[in-house]
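Visitor: One structure coming up, written as structure tokens, with questions to follow.
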Amino acid sequence: MLLLELKKTNQTLETIHFLGIGGVGMSGIAEILHNLGYKVQGSDLVENYNTKRLESYGIKIFLGHAKQHITNVSYVVISSAINSNNPEIKEALERKIPIIRRAEMLAELMRLKCSVAVSGSHGKTTTTSLMACLFEAAGLCPTVINGGIINNKSTNAYLGSSNYLIAEADESDATFIHIPSTIAIITNIDPEHLDYYKDFETLIGAFKSFITNLPFYGFAVCCIDHTIVRKLVDDITERKIVTYGIDSEDAHIIAFNINTDIASSTFDVKINIPNVLGTTIIEKITIPTPGRHNILNSLAAIAVGIELDFGIKAIKNGFNNFKGVKRRFTKVAEYNNAVVIDDYAHHPEEIKATLATARNIADKQNGKVIAIFQPHRYSRMQHLFDDFMRCFNDADMIYITDIYAAGEEPIEGVTGQNLVDKITKNKHHDQANFLAELEDVVGVIIDNAASGDMIIIMGAGNISSFANELDERLSSRT
């Protein structure tokens, strides 16, 4: 029996326990189930923004993991980040409590909706958020499950009143190919999560299945500026695919006349989708977030809006209402007329896109770009070491901390210091420095910040918490 049907009967699911409930993906699903009337609880190692938010809704949160936490639960939901040695998993196995993967629970929520699944190596969260704003502007309030905090809502998930559900589809362990989506988005495909997939071709194959698993009446939206995505699109003939890009003249949706500053991007769009609009120009679309990569993200949302006949007014209004996403080029401080930005970038391609945006802004202000980066996961650094060496070219100064483990064991020779040494040795940059402590970031800013500078703090680890305290820390040092 389907999960949502079960709720409509007199049967109950008793308690659903989320292991790692503070994660962005897990917290979103937990919140939706809570809003649907299910009894939800969860555990995580540390308190964070998500656990505090869920607790404020009346959801019981355990800090730390212990077998006692699942004494009276019927189901345990886990993500791929949870180790099989976790005491709560061991207890669930011992007591034969069903263990459900996050993707399976997400799929169940999506099954009875017209679902939009947003996938890709980068840009998923912003694309999902932009699309949600367009749906609302079109009068369709969707249910949304996102991988980041949507500033408009101060949450990463909310229950809507329409028959649409928009979800970020996590490709990290291939479970996304089983999501029952009607509309599938692929923003890009880069070598990522190779600790799971083992090789790039297997990862590409998973994205192909993601599209071919669509129902015959569904469609995919793909960015063909990305070489791998273009090849994938060329290989698929059995599903409808709408393409978009900036550099691809043969794309169905193309952005041009682009202007960007520290707070926004403005552009025109040419639309040429057979049997939909013919050739149409939409002038002066503005999104309140900078960067070429975010223009591409907005084109994916526009493609869906055009296919669903939202209308040009709804598309423009939706973007005007967008307030951004937490940790996506977020201003956290100013010092000596320099701006400090916090960003989630943790993959070489994300770092390049973020620094390119900063470079564009800094050049207009006669400033420099100072990049401060905390690497995330030893396995990612090992697989993409050469790419990490080459991704900081748009920065004038680079500061790299030690690697945030995210539960992984250290790998010999894979360190932040080693990355700095190799960047210098191979002459990729002559201003690369190692930071032994996060606290040293304060001194870097005080010693180097000047008017017009863009100071970009990047990483998927705990550097964000530190970045959000910088305004106070810098004030106390002046």
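Cβ coordinates come from backbone N, Cα and C, glycine included.
Keep in mind that this is a model prediction, so the values were computed, not measured.
Swiss-Prot feature annotations, pasted as is:
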| type | residues | note |
| --- | --- | --- |
| BINDING | GLY120, SER121, HIS122, GLY123, LYS124, THR125, THR126 | ATP binding site |
Visitor: Please list, in sequence order, the residues in the chain of THR126 (ATP binding site) that are at least six apart in sequence and whose C-beta is under 8 Å away from its C-beta.
Guide: GLY148, THR289, ASN294, ASN297, VAL325, ARG328
Visitor: Cβ atoms within 10 Å, counted per site: which of HIS122, LYS124 has the most, among these binding-site residues?
Guide: LYS124
Visitor: Within 10 Å of the Cβ of GLY123 (ATP binding site), how many other Cβ atoms are there?
Guide: 24
Visitor: For the recorded ATP site formed by GLY120, SER121, HIS122, GLY123, LYS124, THR125, THR126, which further same-chain residues have Cβ atoms within 8 Å of the site's Cβ center?
Guide: VAL118, THR127, THR187, ASN188, ASN297
Visitor: Measure the Cβ-based neighbour count of THR125 (ATP binding site), defined as the other Cβ atoms within 10 Å of its Cβ.
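Guide: 23, counting other Cβ atoms within 10 Å of THR125 (ATP binding site).
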Visitor: Secondary structure at GLY120 (ATP binding site) (DSSP, helix/strand/coil)?
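Guide: Assignment for GLY120 (ATP binding site) reads coil.
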Visitor: My understanding is the cutoff is Cβ-Cβ under 8 Å with a sequence separation of 6 or more in the same chain; which residues meet that for GLY120 (ATP binding site)?
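Guide: Within the chain, GLY120 (ATP binding site) has Cβ neighbours under 8 Å at THR127, GLU171, ILE185, ILE186, THR187, ASN188, ILE189, CYS223.
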